[in-house]
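Undergrad: First the structure, then my questions, so here it is.
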There are 2 protein chains.
Amino acid sequence: MTEDIHTRLNEFIKKKGLRSTPQRNAIVDTIFESKDHFTADELWERIRKTNSKASRATLYRTLSLLVEAGLLQEIDLGEDQKTYDPNFNNSPSHNHLICVDCGYVTEFEDNHLELLNDCLTRRMGFRPVRQSIRIEACCEMLRTKGSCPNLIKARVEGKRLPKKR
Amino acid sequence: MTEDIHTRLNEFIKKKGLRSTPQRNAIVDTIFESKDHFTADELWERIRKTNSKASRATLYRTLSLLVEAGLLQEIDLGEDQKTYDPNFNNSPSHNHLICVDCGYVTEFEDNHLELLNDCLTRRMGFRPVRQSIRIEACCEMLRTKGSCPNLIKARVEGKRLPKKR
DNA sequence: ATAATTGCAAAGCTTTTGCAGCGAG
DNA sequence: CTCGCTGCAAAAGCTTTGCAATTAT
């Protein structure tokens, strides 16, 4: 899993005449050891719990590098901070359903959706490059049963919930 | 056009026990006199060209108010700054095609797309609240003819073009 | 009169950057 | 030995906020 990422990163690094460093590798490992979306700050917390040490500056510089190398993608989850998504490498289509009750994000794919997007794009005189669907929705289980595992998990983890509107 | 907005805003203001002020009204007028998306800073420039005067603080406070009142929507155009969209009031569905060559944004609607989104959302156990599609695409006309009116317009207006990736 | 609103300047937050020293190739 | 990388602290952007004065109702 992470080996693949390292291989691809090393290719990029070599091509650009850059260098491999322990800090960079530690950050990359930390990012890709999970499939979760994260903000720079959340990543910083995860790094701090590691025995590897890297500065915030290096963290930001590495994030930019990974995005430039195409190994990481910035996504919009309606948060104030930039959010990064580490697993679009394995799934070309990248759509997110965001729960307005708890902020939980579900990634999904759908061939019909992609096809339709593709057609619409061409009809408007463009060639598709990247497409993402963002769906905000409320949890049916929470409405009918009064609770939802994702919400409970979010509370336990102390995540700040979406601001109501 | 703008009257409708003012009416709806006044309702909101009354309901909340707030007050109507010249600054607020000037900002609202400036926002809705155009259909363009804008950032806080772009709006600030537009305000400055007006003979009305309002501070940046009031501008930000008014933006929050309008979003809270549901008259303005924050959207994500892949920019660093928050972008606001003034015309989702007239079109319930809100999808954006962003040109990666010049940053030009096309708003579009499509019934099939909405229907499909709706089905997918329900299948995942949620009830749809809001959905937006973001398509990044490159301009076919620019590829085939070597130029594109939107790109020329963007250059003339001195807009900063999308960073290439 | 009363309480919301405004403008200013200061503070807050996230992210970027200049620079001297360090370290990979 | 070179030149990229790192950490630090300072700076940069954008946005928010405390406060005294102002103003709508």
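Yeah, the Cβs are placed from backbone N, Cα and C, and that goes for glycine too.
Feature list, courtesy of TrEMBL:
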BINDING   A:Cys99, A:Cys102, A:Cys139  Zn(2+) binding site
BINDING   A:Glu114  Fe cation binding site
Undergrad: List those binding-site residues among A:Cys99, A:Cys102, A:Glu114, A:Cys139 whose Cβ lies under 8 Å from any Cβ of chain B, in sequence order, or write 'none' if there are none.
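TA: Cβ contacts with B, in sequence order: A:Cys99, A:Cys139.
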Undergrad: What is the interatomic distance between the Cα atoms of the residue listed as 'Fe cation binding site' and A:Cys99 (Zn(2+) binding site), given in whole Å?
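TA: Distance (Cα to Cα, whole Å): 22 Å.
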Undergrad: Give the helix, strand or coil assignment DSSP yields for A:Cys139 (Zn(2+) binding site).
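TA: SS state of A:Cys139 (Zn(2+) binding site) = strand.
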Undergrad: Around the C-beta of A:Cys99 (Zn(2+) binding site), how many further C-beta atoms are within 10 angstroms, looking at every protein chain?
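TA: Here the count is 25.
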Undergrad: Which residues of the same chain, at least 6 positions away in sequence, have a Cβ lying under 8 Å from the Cβ of A:Cys102 (Zn(2+) binding site)?
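TA: A:Cys102 (Zn(2+) binding site) has long-range Cβ partners A:Cys139, A:Leu142, A:Cys148, A:Asn150, A:Leu151, A:Ala154, A:Leu161, A:Pro162.
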Undergrad: In the structure shown, with every protein chain counted, which of the binding-site residues A:Glu114, A:Cys139 has the densest set of Cβ atoms within 10 angstroms of its Cβ?
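TA: Counting Cβ neighbours within 10 Å, the top one is A:Cys139.
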